[in-house]
Amino acid sequence: MVLCQGGEGDAAPAAGGQEPEVPPGRQDGTGAVQPCLRPAPGVEAAGAEERRACGCCHMSWPFCCKAPGTKKKAACPGLGLFYTILSAFLFSVASLFLKKVEDVHSVEVSAFRCVFQMAFVLPGLIYYKTGFLGPKGKRIFLFFRGFLGSTAMVLLYYAYQVMPLADATVITFTSPVFTSLLAWIFLKEKYSLWDLLFTLFAITGVILIARPPFLFGSHVTGIEGSYSDHLKGTIAAIASTLSAASTIVILRKVGKSVHYFLSIWYYAVIGLIGCVIALFVLNEWRLPHCGRDRVFLILIGLLGLGGQIFLTKALQIEKAGPVSIMRTMDVVFAFILQVLFLNHLPTWWTVGGALCVVASSTGTAIRKWRHSVKKAKQREI
């Protein structure tokens, strides 16, 4: 008999989101998965069509990495972090193109983005046979996930259009801090003094970027455009961040009982419906007159989709803590692109606010990472 690790049946959760039962003899005292038995060469096994692939290389025997004479393919170190940086770069370039679009409302840009999302997710729903509505008990959560997620996207695009790119990007990075706060309120997760400190740091950073007149005087310098637009953009960015944080809390509540593609499907469909209704109410629906703007719209959709794909791949092969920390490269790219292509130098207030926000989000990510590692070690014991 040839030994090989368990395959697809071990990685995929059972129907209804429940974890599959582990057969006897598949785990030892440390929780490590024991290899499963495979027929020796020349022996025909009954039901050979049901052979499972190797859990580490996903290849069938005798091409499995555990088969005699084969070498295990070494994982590329740092690949997940590289995917994260690439994702951050794609998101930042998409934001730059959004700033370059002239006569297209942010709601219409969001509608185009939703169309690209649907075109990407639909084949996945058909392939995985998840259906289009989801489990009955989870549909209300999926609806609010789609509504809040699409609202966050529309508000963020509006903020990008009316305020400096770096300022809007920095404010969005307060999302992990507000996620911890909302998870404490609604999910009863632990909220420590460190979390409170990080929240205060994030609020300080937002204040330094917004620079309200009652704190900084009536003549605020270094603002792109009028201060009223800057204030509207700041409010939109904060509301977008709160909506995104609420979305993450809902996804935690749903857990693994809903497929990832189905969650994105709700996000795209509800977002598209909401955007179309809003465009007719605002009477803003119109195709761009300039061919350049049409190209920008297509690139925004493609780059946003590419950023999501690489971020998802990063989270599949790397722990969430390092990925969250590396995502702060979004801020670096936003500052660089703003200086190079928009000819707008950030003020020291913006730099100070960025340092506060990045410090708070990084601290939150490190704490969550250490907590998850500690829990994993306790489960092993």
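For all residues, glycine too, the Cβ spot is worked out from N, Cα and C.
As annotated by TrEMBL, compositional bias 'Low complexity' applies to 10-20. Positions annotated as domain 'EamA' by TrEMBL: 79-210, 232-361. Under the heading region 'Disordered', TrEMBL lists 1-31. Taken from TrEMBL, the feature transmembrane segment applies to 80-98, 110-128, 140-160, 166-187, 194-214, 234-252, 264-282, 294-312, 324-342, 348-366.
It is 194-214 that, among the stretches 194-214, 264-282, 294-312, 324-342, forms the most Cβ pairs under 8 Å with the transmembrane segment (234-252). If one looks beyond the transmembrane segment (80-98) by at least 6 residues along the same chain, the residues whose Cβ comes under 8 Å of a Cβ in the stretch are 106, 109, 157, 160-161, 165, 168-169, 296, 299-300, 303-304, 306-308, 310-311, 313-318, 322-323, 326-327, 329-330, 333-334, 337, 341-342. When pLDDT is averaged over the domain 'EamA' (79-210), the result is 86.
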